[in-house]
Amino acid sequence: RCAGRLEVLWKQEWGTVCDDNWDLSDAMVVCRQLDCGEALSAPGSAHFSEGTGRIWLDDMNCTSTEADLSACRTRPWGEHNCNHGEDAGVVCSGNSRLHPSPCDPRRLCCVEGEIKKPIKLQLVNGASHCAGRVEVLYGQQWGTVCDDNWDITDAEVVCRQLGCG
């Protein structure tokens, strides 16, 4: 989980990142965001195979200090001059967690039995997919989230999980 082709979720669709300007500073942000230790390399040219679907990011320009990839300078989401032969990858040291879990402090999770699973969520009735009322999917049905004890920390988790910064 700490090495491979980089894919990002935006508008509820997974897509790749182009390797134009892709370097170790960009990979450092990804490794930190994934809780995967230090960046060891930032391979390009679809080193980990070509992705499919959308290419969401191009001309990444991270300083290596950003909290997550969405804080880096880049072309607007979805604008690129690439093909999947230019998909970016990362190799992280992977030493920051002994037993990786699909859920970490940056994701909303639920426990089913003894297995933690990411919660599917969406924002509705906002001006964009990154604004609106929080809804979660439970038992094949969408429902809302109560605002008791809701604060900016909770909102940050939702924004990160949706790829909204």
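In case you wondered, yes, glycine gets a Cβ from its N, Cα and C as well.
Positions annotated as domain 'SRCR' by TrEMBL: 1-93, 121-165. Among the features that TrEMBL reports, disulfide bond is placed at Cys18-Cys82, Cys31-Cys92, Cys62-Cys72.
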Mind checking which of Cys31, Cys62, Cys72, Cys82, Cys92 has the fewest other CB atoms within 10 A of its CB? They're the disulfide-bonded residues.
Cys82
What is the separation, in Å, between the Cα atoms of Cys18 (disulfide bond) and Cys72 (disulfide bond)?
14
Measuring Cα to Cα, how far is Cys92 (disulfide bond) from Cys62 (disulfide bond) in Å?
16
List the Cα distance (Å, whole number) between Cys31 (disulfide bond) and Cys62 (disulfide bond).
13
What's the CA-CA gap between Cys62 (disulfide bond) and Cys82 (disulfide bond) in angstrom, rounded?
19
